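Reviewing the structure listed below.
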């Protein structure tokens, strides 16, 4: 598989496969619906939670995680990485919300940081390979460590910095406190009808 992928990427210049391999979750069935629900739920909670107002940082996490997964996936012969990407999002959310109590199908109650491991065990019960889940957990941990843990360690610092081009594209510029808006931009628009009082 490794040589086949290299030939597709390099010899035939099918670069789009670097993106489309994240869009395939297998045939429609329980596993497909399971991944869709978790992808939507935890992607949304991250975007509205710890990444609120930081769209560029959110996109950078996608790019960073996707790049690492593509590189690691080549060495473990994984072609489709959609499920691993979902687990990465779940891992990052769970580590940033460590005190949230989870209820898994009414059978298990546990703290959020255990969620990726519970999902991996559930995937194992369904007969799936846990290599995909381990890849997602590993990449999620690398991102979480570099973004949330290492900068707060003695002698640590931020190694992951969102490129300015992403901030220019996705983040809205901060309002200038000294900016005086034009009349048509003010609440209520032009001050029609206002003027000097007669006899004043």
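Keep in mind that glycine also has a Cβ here, set from the backbone N, Cα and C atoms.
Automatic prediction, not curation, is the source of TrEMBL annotations.
From the options 125-146, 147-168, the stretch TrEMBL describes as transmembrane segment is 125-146. Proximity of distant same-chain residues to the transmembrane segment (125-146), defined by a Cβ-Cβ separation under 8 Å and at least 6 residues beyond the stretch ends, is recorded for 30-31, 61, 64-65, 68-69, 72-73, 76, 78, 81, 83-92, 95-96, 116-117, 119, 159-160.
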